[in-house]
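*Asks:* The structure is given below, and queries will be raised subsequently.
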Amino acid sequence: MRLFASSGQAATSPALAHSSSDEAGEVIENSHTKRAGCSVLQSSGGKSRSLERYSGAPKIHQQTLEMLPPYATPTCSTRRRLLAPFRSLKRRSRSSSSSNESHHFGNHLNNLVVVNVGAAAANGGVAKAKAKASSQSGDSGTGGTELEHEMEQDDDEEDEEEGEEMDELSLSYSQLSSSGCEEAEAPPEDVPDDRQAAVEATVSACVQHVANERRRNILSLYSSSSEEQLHCRLGDITLVDDTYSNYDPQNDAERMFLQVVGILRDENEKMRQFQKILEDLSSRVALAEQTKTSWLPPSSVGEANEQMQQLQRLRDKMTTASALLDDCNEQQSFFTANQVLVPTPCLSKLEDLNTRMKLLQIAMDERQKVLCQAGAQQTHENGDDGRTTSNSGTIGPLPNLGQSVKPPWERATTAANVPYYIDHERETTHWDHPEMIELMKGLADLNEIRFSAYRTAMKLRSVQKRLALDRISMSTACESFDRHGLRAQNDKLIDIPDMTTVLHSLYVTIDKIDLTLMLDLAINWILNVYDSQRTGQIRVLSFKVGLVLLCKGHLEEKYRYLFRLVADTDRRADQRRLGLLLHDCIQVPRQLGEVAAFGGSNIEPSVRSCLEQAGISQEAIDGNQDISIELQHFLGWLQHEPQSLVWLPVLHRLAAAEAAKHQAKCNICKEYPIVGFRYRCLKCFNFDMCQKCFFFGRNAKNHKLTHPMHEYCTTTTSTEDVRDFTRALKNKFKSRKYFKKHPRVGYLPVQSVLEGDALESPAPSPQHTTHQLQNDMHSRLEMYASRLAQVEYGGTGSNSTPDSDDEHQLIAQYCQALPGTSNGSAPKSPVQVMAAMDAEQREELEAIIRDLEEENANLQAEYQQLCSKEQSGMPEDSNGMQHSSSSMTGLSGQGEQGQDMMAEAKLLRQHKGRLEARMQILEDHNRQLEAQLQRLRQLLDEPNGGGSSATSSGLPSAPGSALNSKPNTLQTRSVTASQLNTDSPAKMNQQNGHYEHNSKNSSGLVTVITEQELESINDDLEDSSSSNTTNTTTTTTTTATTEKTCVELQK
């Protein structure tokens, strides 16, 4: 790479061919002398690559200075900093280059003098001209002393020897240059004065002519150079080519020289990027100004809403432009701090852009006020209650969320910005908004729905409508996530203010909503699902998943987006990422108390099922290898509607069926037309049911729950009618045993009893850890206490069914209690599961039985004591009537003994009541164990260890062809009512509408038992004793039966 002061090196005349670089150096050096007193680095093309000095440039006119570009005017300090490493290099190269330069310049002037003077000049004149040329050559040889003095002044600590050496070098340059000219031709001694004056004038005119020609050539080079050629200049140095790009330095000076060249390149690249950003920013601002000129006053509310949306989009664009402008201002400050000269046009453009951006911001604010006034005026004319009815006034600052509640309620926030609500009338505080409490209480009415999948879908649909999330498209939500910088931030945390900002940008796109109330309810719902501990922060992944699941969009598009959230750069997801996604999805039904019907809270079985469906071997899964799946594998698994996520496609079908009208009459409630789901029996001819009758499990005379049915969410076609008639005809010839032997399940069951180690908790940081279940004994105590309370108060839920405590809930509870070790000792097979449960349950039962036997022994001993006392207190003498005094004493003694006996009998009856309550618990527990054992027997009898386990989980079943079809929201499903899950939801707190999870403690069992109502005090003591003996015998028999069954199963 060469360092020149101009980008051209060719001269316009042959006389300038060998000195174009020198001419450029003279002109630029002259301009630097006028402006900042700086010099220029140059290297001649035909000479060595060492750094050479320039001779002093002649003075030029001020107009010539103004014609030069501004890049050629750096500060003196910048030039000194760049030239400082080359002092030693300059000293070594000075002696080798100065003589050649002076000799060429002398010959050049000699030729010019001969051509102009001609024959009229005498020998003396020629000699005088040569002497003049020698003098000029000496000046040229000793020129650049200005550069030397400047460098010597920068280094005041140099010794005097270096100064003397430089003087000697300068003197040798002058002598060598002068001697070079004298060797050509010696001047004659005698020359007339008039001729000498004429020759001097001629030579002066020639020199001035040459200087002018050189200046014109340099200026023509600048004028002919394009902006692209000139913008590469940095200060007084121009990067012309890459001569030194591959040069291998031979000494320290050359290495320092190349380092400076690299610094110049970096500065040049920064300047080019700076100019490029300015050009881009200028085009953005110009486009925004063009949009501003097209603004018109709104003529209607609809037009005002549309213009407000356009204004919001313009604001989003200008946000990016403002960020670019801030970067430019920071870069300009960096250049100034490092004494890098920024071109004047760039500074002017930057200042102009700052001014235009401020004017645009003011114009957008004024425009927003105009649109807000138009929306408010229309609202006043419509006579509304003061709430926002359109999004025309919602863009801008966030609304005051304190206005979302009305007296006597008050909204307050914690230190972590978590909202809570104060009821001044009852003097209570709640985490939930009053509207959310009413919503959750209203969901309790849906507990009458018999089947879990439809019950969960109905609840989610109610929440979706109340929060207006069904009016927000998934594309809008994704754009809002990206616009607020949430892309690729899924492992980080988001606080409540940021969530409110994102939700605000979503709700402003909806008309006729109470924006403040919707924001508060949405925040409340998200915190209930993902932050029940109210820490004030959730993961960004959870926030996105919670909104995408309930927003409007196609089902397959949601599946694809959810997979992209957890996929890596190779578009693959491993076990951990997949577990995080499924964990966040399962929290939605868990909040509604419906998680037991979908495989429980543990997501490991679902992950295992997905990997197996993708074709990954069981050995690879158990070996904790580095395995991952692609999008097609994930979609293929979801196409089968897995048990943990089956509620999501049911929700989509429910939303699609809301407006569907079927030209058929319900054979049970006689509704016509059927609105919503339509269920057609595939065994009974011309038998239809509406969704209400089907959900609540109603039945007709000839129709039974075991009959297969087909579900329609859209209007049927003639082809479907013919197909259903053919199916009904075929099913007429099939027996009941056939349907029991071939159950048709339309979802992919999750084998909870086969689960292995629990996956790691989805906790990205110590600040936010997911609550993990403690010892499962706590949940068992809660279950026992709730059942004992039901027995005590004599009431059970109206929505309970005989199968409400079936194997799904039990399997989930037992599997959660299994030790999750990392050494591979976790039970994987039904036999291991049974062995683990047997060891735990046997200890509990034996401990309870020992307590009961000990209490029974104490009661028997007390009973024998009472009997002996009663017998000993009776009179032994038959003639006791003869002694009246002794008779009276005996009667009084018997009366005291009777009172003691009554008191002890009362205590015994109370103890009997407690024993009976405990025995009821043991009997219930025994029935659960028997059901579990029966279930495990079925799993062992099957050849592949699964398949029929889904017959009791009960979600909509589907034909086999639907499993291979493309997932579709509006697909029809085959349903058998007897195969549907009838699990009851979790108990809801009637005070605040929450579904309780592990909200009780072990003391609740003791409290309920001590408050158990007792039987009548008139029962005699013998009945109490006999009942206790019978209860103990029943307990022993139950335990023996359980142990015997366990032994048989293990065999």
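From the backbone N, Cα and C atoms, a Cβ is placed for every residue, glycine too.
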*Asks:* Annotation phosphoserine per Swiss-Prot: which of the candidates S761, S984 has it?
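*Replies:* The phosphoserine feature in Swiss-Prot corresponds to S761.
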*Asks:* Tell me which range among 547-603, 604-660, 661-717 Swiss-Prot lists as zinc finger.
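*Replies:* In Swiss-Prot, residues 661-717 carry the label zinc finger.
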*Asks:* Looking at the ranges 1-53, 796-848, which is given as region 'Disordered' in Swiss-Prot?
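*Replies:* When 1-53, 796-848 are checked in Swiss-Prot, region 'Disordered' belongs to 1-53.
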*Asks:* How many helix, strand and coil residues does the zinc finger (661-717) contain under DSSP?
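*Replies:* Residue counts for the zinc finger (661-717) by secondary structure: 5 helix, 16 strand, 36 coil.
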*Asks:* Taking the centroid of the Cβ atoms of C681, C684, H703, H707 (Zn(2+) 2 site), which other same-chain residues have Cβ within 8 Å of it?
*Replies:* L682, K683, F687, A700, N702, K704, M709
*Asks:* Within a 10 Å radius around the Cβ, which one of these binding-site residues has the most neighbouring Cβ atoms: C681, C684?
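*Replies:* It comes out as C681.
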*Asks:* Identify, among the binding-site residues H703, H707, the residue whose Cβ has the fewest other Cβ atoms within 10 Å in this structure.
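*Replies:* Relative to the other binding-site residues in H703, H707, H703 has the fewest Cβ atoms within 10 Å.
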*Asks:* Determine how many residues of the domain 'WW' (403-436) DSSP places in helix, in strand and in coil.
*Replies:* 5 helix, 13 strand, 16 coil
